[in-house]
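Listed in TrEMBL:
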type     : residues : note
DOMAIN   : 1-70     : domain 'U-box'
REPEAT   : 262-289  : repeat 'WD'
REPEAT   : 334-375  : repeat 'WD'
REPEAT   : 378-419  : repeat 'WD'
REPEAT   : 420-460  : repeat 'WD'
TRANSMEM : 484-507  : transmembrane segment
TRANSMEM : 519-538  : transmembrane segment
């Protein structure tokens, strides 16, 4: 029997009393609840008219499709087709989902790039705004004078007369809170220095006596060779070099690889300096260089006179910030000097730094904001600063000038508290000992050691004899003299000249017709290519136990005392072939010495390990 509604064998059969038809109970219940009549006859009917039918528990008969093999094969075929269609639909959905995911990832990457670019543009805009704010304010008195410059006949004065000499920018100055911070740092470091002892891991003297060249690394371009400055970040053992090729290079010494090459300066990088704590890095340069005339009268090098052509260029210092991937981004471009920046030095708080320039000023900066808090001009007639360094305690600043004078400044008051004289030629390097008592200064004539407690020179190290050449160049007489003079400056202060054929005159610059005085030599050089007459660097190691000096060679001295001798314990040759080792720096615990010369190679000197190959 089959259900009158579904046509299938009912699982729970019932019979209508009125029509006698057989139904599936659940189907007839639903129909009666909705319509209240018989689905076949249309007569009214209720559930009281339906009687259940008792049947035996037997196995349901198979359907016609499963009763034969062809029917089962057809059923299986239908199931397989349905499964394949379902799988195809899933594959299409997966492909669509992958495309949507790829598009979303692409949009996310593009958004990240746009955000990074916008952040960079924002930082650059902030930096430019800060520079504009620093450059805009001028002396009020000058503005009043310019506005009031009206002549008696009612006509305004000429524009050049209105402006007068360029005004000094208004600086916020070093506030009382900053002075308090500097004083607290000085007190803490002075207290620590009294308890400090030479570390037991410091390289001993017998080890330094066996130092030799371990490696040589070509970090800079050969077209403009020359490493002018070196600094080392001891915590990471990475070395920074500033080159004449206008780039600064960050070198990872343990791996022997260049970690980053910083470009952005247009002229030589004269000074590089790490900030001991944090990821900041500073570079000073000779950007916006100008033409200069150098006069040497009667071969006397004691007081060379330089005349600079007028220029409104601003010379730059850059503040770089390192990232996790080892790259450095330029955070600030500081344009507060009007002549070449010669030195950058960081304060012991690692929050401030000072730049010294040939414009005869030094600037005190806040590191985080890049703001110049004060710019100190020297009222005496000097040709500018050639070197600078902070005292280890941070309240004293030492500067070397191109007129052979060393000046000591009180940072809090910006007052010149002491002067050291006695050098011949520009003071090219200055270094304070870690003990806080000794100061080493270098010029072409010698290295002088000063006692800061008594403010006097207690020892002079004459490195070279009078016949040792320390620098050379090219010059010529007038327009018609058929010879070119090749000169070499000697340690004695004399000039050694050689005459070469006129064809070499192409190496020189021509500036009009020059009238020469008798016995006078005029040297015409591009100022951007002049390093100094005599290149000598001096540097104490971090413990204050050794003193390194570079010039025609590299020498290491054992630090003594005011009365005890300072003995030369090692002399390393300048392997660059230029005869000009421009900078020297001791590595952590003096385990190695980094040297830069006027070629493009950074050289590492140290104690060779057992079995390690040495470079020739």
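Glycine too: its Cβ is placed from the backbone N, Cα and C atoms.
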So what's near the repeat 'WD' (262-289) in sequence-distant terms, Cβ-Cβ under 8 Å and 6+ beyond its ends?
224, 226, 228-235, 240-250, 311, 313-323, 328, 330-331, 333, 340-346, 350, 353, 355, 367, 526-528
Looking at the repeat 'WD' (262-289) alone, can you tell me the average pLDDT?
86
Grouping DSSP H, G, I as helix and E, B as strand, the residues of the repeat 'WD' (420-460) number 0 helix, 21 strand, 20 coil
Please list the DSSP helix, strand and coil residue counts for the repeat 'WD' (378-419).
0 helix, 23 strand, 19 coil
